[in-house]
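Annotated features in TrEMBL:
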type	residues	note
REGION	1-23	region 'Disordered'
DOMAIN	1-136	domain 'L-asparaginase N-terminal'
ACT_SITE	T8	active site, O-isoaspartyl threonine intermediate
BINDING	S53, T86, D87	substrate binding site
ACT_SITE	T86	active site
Amino acid sequence: MVLTTGGTIASKPSGSGRSQSGALSGEQLLEQVALPQGVDVTLEVISILQKPSNAVTLADLAELHRQGRKALLRADVDGLVITHGTDTLEETAYFLSLTLPADKPCVITGSQRAPHQLGTDAFKNICDAIVAAANPN
């Protein structure tokens, strides 16, 4: 299961030449992620938020928690990946580490460079997060 919340990792160019944070949906992101050979996972994607992480509210965190808990309680879900902006990623990670069930992995990832930028780390970070969340060890 992949939950997306926006941030640089989901940005695209805007008309002003700057990146528009959270402009890409989870589906658009995952279309460009190439998983390594031998990693056989079925992914379900839910785009929860489409905003920069410095604009995430307590209500947004509550919804992310609700969706994350719901996913982790499903028998057919082995792990959870959350994409997030890096401005407040650590606060969200801490909150979720205290409030989500701990019997399945939850991996939160972001990127420093937007998907359209040279040297982007977006797709590699998503790929690595999926591999980590799917690892039975």
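Every residue gets a Cβ built from N, Cα and C, even glycine.
Because the structure is a prediction, the values reported are computed rather than measured.
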Original post:
If you average pLDDT over the domain 'L-asparaginase N-terminal' (1-136), what do you get?
Top reply: 93
**OP:** Taking only the Cα atoms, work out how far D87 (substrate binding site) lies from T8 (active site, O-isoaspartyl threonine intermediate), in Å, as a whole number.
**Re:** 9
**OP:** Grab the same-chain neighbours of the region 'Disordered' (1-23) for me: Cβ-Cβ under 8 Å, and only residues 6 or more beyond its ends, written as numbers and ranges.
**Re:** 29-30, 43-53, 56, 60, 64, 67-68, 71, 74, 77, 79-87, 89, 92, 109-117, 122, 125-126, 130
Original post:
Of all the Cα pairs drawn from S53, T86, D87, the residues the record ties to substrate, which distance is largest, in Å?
Top reply: 7
Subject >> Helix, strand and coil totals (DSSP H, G, I; E, B; other) for the domain 'L-asparaginase N-terminal' (1-136) >> reply: 50 helix, 24 strand, 62 coil
